[in-house]
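> I'd like to ask some things about the structure below.
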Amino acid sequence: MTSQASRRARGVYRVPYVNGTRVRVNGDAGSHYPPTRYDLVGMGRDDGVYRIAAAADGIVRRLVDQFNQNRPDGNPCDNNHVWLEHPNGEWTKYTHLRQGSATAAGLVLDGPVAAGAPLGIEGDVGCAHGQHLHFEVAVPDPNLSDPITPDGFIIPDHRRNRIPWICGIPGRQFVEGRTFTAVAYPSRDIAVLPESVTFAKVPIGHGETEICTVVNLGRTAATVAVSGSPGGSVLAWFPVRATRLAPGDFIDIPIRFTPVSVLPAREALTLTVDGEKTQVNVIGIGAGTGPWPAIVAVPGSLTFGSVPLRGRATDPITLTNRGAGRAKITTPGTPSGSVFHRFALNTTLEAGESVGMPIRFRPTSVGPRRETLVVSVTGGDPVEVPLLGSGAPLIEFEPAELDFKGLPLGRTATKTVSIVNPSPDDGVSVTIPSARTNGFRWPAVSTVIPADGRLAVTVTFAPLRQGPLSATLLATVAGPAPYTRRLRIVGTGTGGPHVP
């Protein structure tokens, strides 16, 4: 299986809007921060009223819809939200709903809802930049009696999220920039993904493997079988005997392409579903290394991982001429606005010669970044090298959330949070304003945290009323572009005044 397969949801879900709604994906599992979550937007209605629907049958486990303020700065992050628990053990979240719209839709805590049933109206309440639906699928920690924080966040974080199959849309997954119309949950939907398996150019004598997935996205079980590849084909896969797939079940089929010429190769994979045959195109394109220049980049892609803002990481790419002729290669220097820094290259490589090219990643914002380095080859094919990295916060909180849990009125408790500077090279100047809110208080701080250092801040909690309480600690890193991290602090006031 692919690495993404390990984060697949077990269940099958529909588009979380009522039937007929036109929907656009503004953020998908890869582009959203934190990752593995989604931002969806309704489109086309003059009144701007877009009704949210349950993505699958479930039970209401969290219902919050009393808030009415837009708080894009997250202070406080009072989101209206609904969490549904589904029979497969997964939960789905629907956030930023308009005030009172979930209650008006008839939702009650611990009450059942059916797939496609209205849950509320799309809004911009809480930590939202514009009206939209924040949607996610998660597997709660089974060791927690309540896996959701008072503010509505899965514990501990996005690592509990999963990537769902979505029935009734092309590709069966939410992809940023795509639009589609919400439809009813189909009784039968067997999908082969991707719909066409295409290989990049592969040198003669070498081989590459791609994964083709057969998945049942319908409401009923189905029996599927896959024919094996034709004998002697350069595109090869093993047959799959008749297998019963329950809704949400899938089969991964590795397809191996080993070209023997520069000519394109094409085959069709035959899929049988409950006795009915369909065909899926499997396309391979091979490119041998003839007498013309053939430049190979090692590694074929460069992944820097997570690097703190204002930090840097450097890795080299080696370009080698594996052809039989001389090759002139060129690439421009760092483009304007790029976070992947490199020098311009203009050189000639004889057959067998190599040249190194260091790439430095210097993130300027939190979240994933991706670019493609293109090396032009005179008389040969250009080389494309994906460059990937992710900007990490300048500072981290340990723990990631401060939870005082239940505390009787009249009692006082203290906890310590550490502000960590993960940079091995540079100190950071941090300012924290003092605060007294909802029974939480902490002192003002202004100091420099050295490289690989940490700062301890003491937070005191003395609840003034019963029920869930929360506050947000803001830590700002000084610099030409000040950067602020937020720490959620939660606790619950219980009982009456404490009597010693």
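Easy rule for this one: first residue shown is 1, then count along the chain.
Placement of Cβ uses the backbone N, Cα and C atoms for every residue, glycine included.
Dumping what TrEMBL says about this protein:
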- 51-138: domain 'M23ase beta-sheet core' (DOMAIN)
- 195-275: domain 'Abnormal spindle-like microcephaly-associated protein ASH' (DOMAIN)
- 299-377: domain 'Abnormal spindle-like microcephaly-associated protein ASH' (DOMAIN)
- 399-474: domain 'Abnormal spindle-like microcephaly-associated protein ASH' (DOMAIN)
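Can you tell me where each of these features sits in the structure?
Each residue of the domain 'Abnormal spindle-like microcephaly-associated protein ASH' (195-275) gets a DSSP state, and the totals for helix, strand and coil are 0 helix, 42 strand, 39 coil.
Per-residue pLDDT, averaged along the domain 'Abnormal spindle-like microcephaly-associated protein ASH' (299-377), amounts to 86 for this model.
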> For the domain 'Abnormal spindle-like microcephaly-associated protein ASH' (399-474), jot down how many residues DSSP puts in helix, in strand and in coil.
0 helix, 48 strand, 28 coil
> What does DSSP give as the helix, strand and coil breakdown of the domain 'Abnormal spindle-like microcephaly-associated protein ASH' (299-377)?
0 helix, 47 strand, 32 coil
